[in-house]
Amino acid sequence: MAGLPIPLPAGDNKDKILCIADLERAASKKLPITAREFYNSGSTEQITVNENSTAYAKYRVRPRVLVDVSKADPSTTCLGRKVSFPLGVSPAGLQGMAHPDGEVATSRACARKGVNMGISSFSNYSIKDVRKAGLDIGPISHAIQLYTLKNRELELSIIREAEAQGCTAIFLTADSPVLGVRYNEWRNDFRTPKGLSFPILKRTSEMIQKQTHDDQFMSFNDDAHNWARDIPWLRSVTKMEIWIKGILTAEDTLKAIEMGCDGVLVSNHGGRQLDGVPATLDALPECVAAANGRIRIHVDGGVRSGTDIFKALALGAEYVWVGRPVIWALAYNGEQGVDVMLNTLYSEFKRCMQLTGCNSIKDITKACLGLVRSDGPLARL
Ligand SMILES: Cc1cc2nc3c(=O)[nH]c(=O)nc-3n(C[C@H](O)[C@H](O)[C@H](O)COP(=O)(O)O)c2cc1C
Ligand SMILES: O=C(O)C(=O)c1ccccc1
């Protein structure tokens, strides 16, 4: 899952956590197989989930040397706040299955590192608990992830609660009118484990036990969702920023601009919805070109190292989000695991900036990358 294999030394210390692949291995040892397969799988043939990571290996970094990088600064801004580096935690549901502290632990670790977080509608903790946990540590912006729900009153009540708790943005997930084809969930008859609830959606543990993940998802999500009906409605009921999560084309980027959205999250749901759609890194350039600076473009999917973050920025993303690395970190060691994950990506990203002669985020441009060709030298972008 995590990009290309990183060789392990033959000697001792195999269990040291030095990179995201180490966290994935550590999580695999701790998670029951049904949970591990639920978290790690993509849909159908697993093409997109795998390609999300391997797409990064097609690019090479073009470093500039003999640059004074003693004051290199990876900080930037995101959702109205200064962040320590251009990485956030994507909204991923069911974090309580990876560790009892779930989203509360994630929020604390994000605030400690100075990065932002998306809260899934399927969080195992309330918006209030997740916000408070982060804010007790330090400043943090949260986006509330929403689906267009069949139950509009419920959707509106989530929006009002997100506003009351000080969330900055809505991430409207647009790639999930129905769930993707998930063989693992169906074979395992995957259900949310006992004791976990979905407070944002007002579902108790007893209620969700009765349904498979697929049935639950279908019972909430409105497959009649559409731009013309839903975006003006959202705009009319809230002043929070509206971001569309799950865009993969220039056409839909233009649509998001036309509808007055604040940003686009180029995403394929971690390869869990329609298999066979492009890796997000491969979809990114056409979205960036279509946007032409008129709307913010972020990306998630398959980011597993600081150099991956650097490559996504060089291809025009303003900010990058990660999903599964958070789950693995939680499974490995709860809040401290997420600290390790964020510190690892921060340190890798900063070193990558320094080793390429970049002193600030604005120095990371397409001149910093080349595309590997099978038939000749590196192609300039
Ligand atoms: C276990 C899991 C749960 C997820 N839950 C949600 C969700 O509730 N809402 C949503 O919009 N995306 C969800 N996603 C997708 C993530 O927000 C994100 O797009 C994806 O994980 C990024 O890819 P990565 O895992 O390769 O980093 C989920 C992903 C995973 C792996
Ligand atoms: O499985 C998913 O991809 C997803 O979006 C989700 C939704 C609800 C709970 C957990 C994950």
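We count from 1, first residue shown onward.
Using N, Cα and C of the backbone, Cβ positions are placed for all residues, glycine too.
In TrEMBL, annotation is done automatically, which means it is predicted and not curated.
Just so it is clear, the model here is predicted, and its values are computed rather than measured.
Matching ARG112, ARG182, ARG235, ARG304 to the glyoxylate binding residues that TrEMBL gives (TYR147, HIS269, ARG272) identifies ARG182. Ligand 2 lies within reach of ARG272 from the binding-site residues LYS245, ARG272, GLY302, judged by a C-beta closer than 6 angstroms to any of its atoms.
TYR147 (glyoxylate binding site) sits 10 Å from LYS245 (FMN binding site), counting Cα to Cα. In sequence order, the binding-site residues near ASP300 (FMN binding site) (Cα within 10 Å of its Cα) are HIS269, drawn from ARG182, HIS269, ARG272. Ligand 1 lies within reach of ASP300 from the binding-site residues TYR147, ASP300, ARG304, judged by a C-beta closer than 6 angstroms to any of its atoms.
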